[in-house]
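Worksheet: the structure to be examined is printed underneath.
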Amino acid sequence: MSKFNRIHLVVLDSVGIGAAPDANNFVNAGVPDGASDTLGHISKTVGLNVPNMAKIGLGNIPRETPLKTVAAESNPTGYATKLEEVSLGKDTMTGHWEIMGLNITEPFDTFWNGFPEEILTKIEEFSGRKVIREANKPYSGTAVIDDFGPRQMETGELIIYTSADPVLQIAAHEDIIPLDELYRICEYARSITLERPALLGRIIARPYVGEPGNFTRTANRRDLAVSPFSPTVLDKLNEAGIDTYAVGKINDIFNGAGINHDMGHNKSNSHGIDTLLKTMGLAEFEKGFSFTNLVDFDALYGHRRNAHGYRDCLHEFDERLPEIIAAMRENDLLLITADHGNDPTYAGTDHTREYIPLLAYSPAFKGNGLIPVGHFADISATVADNFGVETAMIGESFLDKLV
């Protein structure tokens, strides 16, 4: 019999809580990640007021320097810890895949100097559109459309760029390159980047609208991932007949593997929370696992190095956390975590190699406190333990610590 009938896992995309032990092996604009600290630096530089997460135990998580504006609770309502990544990567897919029990020992391919001519030529031949070569390099997603959007509006050329992550991104103005055409081109790009030396984690469609000087990316983003190389705990749950619900880009990240209810993409964090609440309220969702990604922290503020916006986004989530808690049933478990860091005060524009926080809450809890510091995959091991299925590759359950 399951200890919890339902588990709801919410990933606050990029909300790291301090540099990982191996952070100096990863860089941002040539600067090692060893001094990165997403929550710590936000708290220190612009202040952070998240009383509802603090109540569960956010301020109790062990750190060399406590969060400046998030106090420890003497009697928290839940359990807390931080988790370390073992996989060789700091991207979204690697983080989520490890959270679900995989160890990525060979990182996907990245292209610091842009994609090879062979790939660009193939995309041109398939699409009938030229590719803007000057954009073919690691680029900020907002800067690349500011720099090349006007040219695309004049010529219809494709904007193809990358980042420090193993991704190929295609930006297209919706009035110039229709969505169905953009998605079709991305599907082709996916088909030619499935093997080394160009094994990419994701192909991302990045549509935008507006006029030069005032471009805005839309919610019609699509991520085309590769399927996980080994079964995850999502697959184990699915095989056991236990319902799995995906909110936001989770279905894309796992390429649908192990997910039998895709609740759709998020237009915003707020929309994602609305969808989660709707999912939690489904009468037929009596037992199972929901998995939500809220990406605005990362996409809108982390990469853009906007500490004030990031803080406000955290405030907005915290203000809605009581709604999520109110939607829980007596034997539900809520887990709040992240997938990597993206320190908005740090060098560069890319993710940072950090610990991730873990907050656990249930109306059924009689106790509270700290869970031992562990690893990302401990989350999936705990989910597997609860529902009586096999774990994936790695992870140790902390289910017995939740009382």
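Each Cβ is built from the backbone N, Cα and C atoms, and glycine gets one as well.
Taken from Swiss-Prot, the feature Mn(2+) 1 binding site applies to D13, D339, H340. For D339 (Mn(2+) 1 binding site), the same-chain residues that are 6 or more apart in sequence and have a Cβ closer than 8 Å to its Cβ are V11, D13, S14, T92, G95, H96, I99, N293, I356.
As annotated by Swiss-Prot, Mn(2+) 2 binding site applies to D298, H303, H351, with the evidence given as sequence analysis. For H303 (Mn(2+) 2 binding site), the number of other Cβ atoms no farther than 10 Å from its own Cβ, over all displayed protein chains, is 20. When secondary structure is read from DSSP and collapsed to three states, H303 (Mn(2+) 2 binding site) falls in the coil class.
Excluding D13, D339, H340 themselves, the residues of that chain whose CB lies within 8 A of the CB mean position for the Mn(2+) 1 site are, in sequence, V11, L12, S14, V15, G16, T92, G95, H96, D298, A338, G341, N342, H351, I356. Cβ neighbour count for D298 (Mn(2+) 2 binding site): 27 (other Cβ atoms within 10 Å of its Cβ, all protein chains included). For the Mn(2+) 2 site, the Cβ centre of D298, H303, H351 serves as reference, and the other residues of the chain with Cβ at most 8 Å from it are D13, S14, A299, G302, H340, N342, T349, D350.
Closest to H340 (Mn(2+) 1 binding site) in space, going by CA atoms and restricting to the binding-site residues D298, H303, H351, is H351.
With a 10 A radius on its CB, H340 (Mn(2+) 1 binding site) counts 32 other CB atoms from all the protein chains.
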